[in-house]
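Undergrad: OK, Swiss-Prot features for this one:
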- Arg127, Arg167, Gly173, Gly174, Glu206, Val208, Glu213, Gly239, Ile240, His241, Gln282, Glu294: ATP 1 binding site (BINDING)
- 131-323: domain 'ATP-grasp 1' (DOMAIN)
- Gln282, Glu294: Mn(2+) 1 binding site (BINDING)
- Gln282, Glu294: Mg(2+) 1 binding site (BINDING)
- Glu294, Asn296: Mg(2+) 2 binding site (BINDING)
- 662-853: domain 'ATP-grasp 2' (DOMAIN)
- Glu824, Asn826: Mn(2+) 4 binding site (BINDING)
- 919-1056: domain 'MGS-like' (DOMAIN)
Amino acid sequence: MPKKSHIKKVLIIGSGPIQIGQAAEFDFSGSQACRALREEGVEVVLVNSNPATIQTDPDTADVIYIEPLKAELIAKIIAKEKPDGILSGMGGQTGLNMTAELAEMGALEGVEILGTPLEAIYRGEDREQFRDLMNAIGEPVPRSMILEHMNQIDEAIREVGLPAIIRPAYTLGGSGGGVAHTPEEMRRICELGLARSRIHQVLVEESVAGWKEIEFEVMRDAADTCIIVCGMENVDPMGIHTGESVVVAPILTLRDDEFQTLRTAAIKIIRALDVQGGCNIQFAYKDGDYRIIEVNPRVSRSSALASKATGYPIARVAAKIAIGLRLDEIMNTVTGVTPASFEPAIDYVVVKVPRWPFDKFKSADRTLTTAMKSTGEVMAIGRTVEEAFKKALRSLDNDMQQHTNPSEIRMILTSPTDERFGCLFDAFREGFTVREIAELTAITPFFLEKIKNIVDLERKLETDFEPEDVRVARRSGFSDEDLLALTKKTAGEIEALGGTPTYKMVDTCAAEFPATTPYFYSTWEEGCELVRDSAKKVLILGSGPIRIGQGIEFDYCTVHAVMALREEEGIEVHIVNNNPETVSTDADTSDRLFFEPMQLEDVMNILKKDDYYGVMVQFGGQNSVNLAVPLEAEIRRLDLPTKILGTSPDAMDAAEDRDRFSRLLTRLEIPSPANSSAYSEEEAREMAGEIGYPVLVRPSYVLGGRAMELVHDEAELESYIKEAVRVSRKHPVLIDSFLQNAVEIDVDAVSDGTDVLIGGIMEHIEWAGVHSGDSACVIPPQSLTPSVIARVRDYTKKIALGLGVVGLINIQYAVRNDVVYVLEANPRASRTVPFVAKATGIALAKIAAKVMVGRKLADMGVAEPEIEHVAVKEVLLPFNKLPGVDTVLGPEMKSTGEVMGIDYDFGRAYYKACTAADNTLPTTGNVFISVTDEQKEELLPVARKLRELGLSLYGTSGTVDFLTQNGVEANLVRKVQEGSPNVIDAMRSGSIRLIINTPADKASRQDHIQIMRAAVDYGIPYITTLQAARAAAMAIDAIKREEITIEPLGHYHGLM
């Protein structure tokens, strides 16, 4: 079938910022789709708000817009670019929602919807239309009722019964949904679900909790050829969102006739929807009976997993199908000889385990339900289920608490939390049987037997074992670290037992055809498929699962390093990573991909298999950097012909070690806040007293400010120290003087050991004290004096050269009373590197990679950027997905993702950034303000400005009295505890359009938390710092005076 010859230009809508339910998988799929369409000569216009994506790179698409993903703005881009088609299925739920909205507002006249037709979007996303379609084609769905008004609750309970599952239409990651066991729960979940749904609709359906959950990834072309790319089976039963479940591929517990029944149904459904491209279909299955649960008529999170599990490039194939190609006309890039119409075959086991953020959010509700809470996931490949399970757990890279109390174990098994998968192992260790656990969890006994096999092996290794038992353990995924702990043998004795892992290839065809894209996993079988060669090779350590503090930004840096090194003649680039969502784990990103845990032992096994010129650790974030020192020690011990490239591990340690770094700053005559390191509680008390409260306390070697806190007195310090020491047992507690009312600055730079290139100086909107990852920031700085900027440049160069940095460095400063203080230096990639690249056009990560293999900055001819526009980075906070989380921003990071606003002045750029972060600032209506007594004087100019702009002010008694006394009109509204009607009632009614609420202290946080929770639930923009309120007033002022600019990114960089 010929390509659609009239499709010359296609618009792809990205998925926006990383958030719970929608992570890096859509950068992976969107980037793949852009490349696929450009291969076919189609011009690609891409719009996305997330600067930390590969798809927003200038060489991914022909025209790139970094703009808020709002239908009215995308409509302007469509009018300007005049695309022939729009590809909606690559941007996740956001892309589908935007396409539906654009169609409804008439913006798609003359624009063909490619791949997923509009009717399929409606039938897949509108719960009533989906149910009607399934009934029409004779496919069973759970008994259900559509609910659009709260007065239908009693009828829904009578019709469907309890427990019931609530599924809102057009939402992401099950947002706003849940399982209701009582009428009260039903009312609470339905109210939230209706508020979150784009069309104010929820489906209340009978619960099939406890049934098996099975997924099929299906592909279909215009000639009606359908294939199953991958079947996947959730270890967790129905009742837990698939994104929260442990997932196994291929399907292992269905008989062939059962599998064929579901396969036939999946193909029937994709045909009924008329989807041309990829589609994800979810089934509930029990004892020969099944129900259709959900259809995603787009590339999804499960698509990314299926793609990495099989090696089949789903997004690439779907994009080519969308412009008219048949499956048999599209080549499988992994084999290079088979068409995409061949169903993939796999001869190994893949396991996905989610990564949850509860190490950051101690107060969050950890219960797993139908709404997602995980931020990322890991994938492991093994020859057996046991091996894949063990490798997946190792890949999570977090401390799993062991449970020994049978009552506690029973509670976790019956009311699942993020601890349940690990607790299955604990249950067997404490003597639970397979039958008992199956009854408590509804998990298929097959998987429980595999976990029991692992625990039985542990017992054998702890007692009397034979060398053969060690070999069996290794084939079951046990690491050398596991073996040392269990056998109590020395490393030498374990090594003497012999054996090294072999590497097998993921090739989509179970070795039926040779693969041209080398994609490997380790196992302890015979026959290694990895071939040693003489090429000059570099191994880059990836960043692992997305978590708070370590997001897609580090994958961006990893991919840029690969791109840069592949431009250098004669360098072969290999990646090790375990995140199935990312571009770096796309099989054709690097010359060789290893899907492995990011542990010292696993990395060393790779290095021992081939001669590597060097290893790069600074692009994968703090976790990769933490491997630098032990990796170098092992390389030396084994006398391997490789080295850590770029900044030396000793220099990294000098930046992390507080005492060494302080001595360097003293020698360079650069100011820093008074600080010290304490190795005991007593030392900490003494040093905090000497420095003077308030102090900032944190463990050393942390990621994203983990366990960092602002401490005001000795009592707070004592309660904190226990937590900090537990988080980082091997390292001291760091105590810093807290600089109140200071402006914070971030700098990203590259050094080659001789020269330093400063890529960007970013001024934070929020003052020091809010974690840099949670603060909005702006390039170029808006309030810093030339003298301050000159000192920041000078200090950056001195520190980079003083540490001996070769590659990237990020330095954080605070400015108070015209003094520039250094807060910390990180000689590695930072989360702001992609933002700097998109704001300035300078690809720092690429430059750094070249410097690390010997290139000099002077030879590259890269000048420090000077820009005439303004770019603002704003963050996305996860409070709408994590009930119970404290919404107060502080020194510990909470955001999951970021967006960028770009325009020709600060006000409009900040307005765009807030809009992109789903915090759109109102230009009319009522603003509720509540601030501390200390902040009231600072509030006054902001309040006056908002009144000048025509907004009405509301507040509680203290704030209203102060404003009125100072000539600013304000209206009184009651506090929550003062009875109704109060501020929450006003928010619920829709009369409040913006919240400015800064909590005074821990005692006043309860009011703040209630107000902020209501703001999140009812979608009201909120501001928690006065600095952000000041910026918001500037943004509203700017937007009322002048329209925002809609221009391609290339225009800002002078490339178009």
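The chain as shown is numbered from 1 upward.
Backbone N, Cα and C define each Cβ position, glycine as well.
Could you place the listed features in the three-dimensional structure?
TA: In this structure, Arg127 (ATP 1 binding site) is part of a helix by DSSP.
In sequence order, Arg167, Ile281, Gln282 are the residues of the chain that are 6 or more apart from Glu294 (Mn(2+) 1 binding site) and have a CB within less than 8 Å of its CB.
Secondary structure at Gln282 (ATP 1 binding site), taken from DSSP and collapsed to helix, strand or coil, is strand.
For the recorded site, Asn296 (Mg(2+) 2 binding site), the DSSP three-state label reads strand.
Every protein chain considered, the tally of other Cβ atoms within 10 Å of the Cβ of Asn826 (Mn(2+) 4 binding site) stands at 19. In three-state terms derived from DSSP, Asn826 (Mn(2+) 4 binding site) belongs to an extended strand segment.
DSSP labels the residues of the domain 'MGS-like' (919-1056) in these numbers: 71 helix, 21 strand, 46 coil.
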Undergrad: Among Glu206, Glu213, all listed as binding-site residues, which has the most CB atoms within 10 Å of its CB?
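TA: When each Cβ's neighbours within 10 Å are tallied, Glu213 leads.
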Undergrad: To the nearest Å, how far is the Cα of Arg127 (ATP 1 binding site) from the Cα of Asn296 (Mg(2+) 2 binding site)?
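TA: Each residue's Cα considered, Arg127 (ATP 1 binding site) and Asn296 (Mg(2+) 2 binding site) end up 12 Å apart.
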Undergrad: Same chain only, sequence gap of 6 or more: which residues have a CB within under 8 Å of the CB of Ile240 (ATP 1 binding site)?
TA: Asn234, Leu368, Thr369, Thr370, Pro416
Undergrad: Which of Gln282, Asn296 has the fewest nearby Cβ atoms, counting only those within 10 Å, among these binding-site residues?
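TA: Least crowded of the binding-site residues Gln282, Asn296, by Cβ count within 10 Å, is Gln282.
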Undergrad: Cα-Cα, whole number of Å: Asn826 (Mn(2+) 4 binding site) versus Glu213 (ATP 1 binding site)?
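TA: Per the Cα atoms, Asn826 (Mn(2+) 4 binding site) and Glu213 (ATP 1 binding site) stand 44 Å apart.
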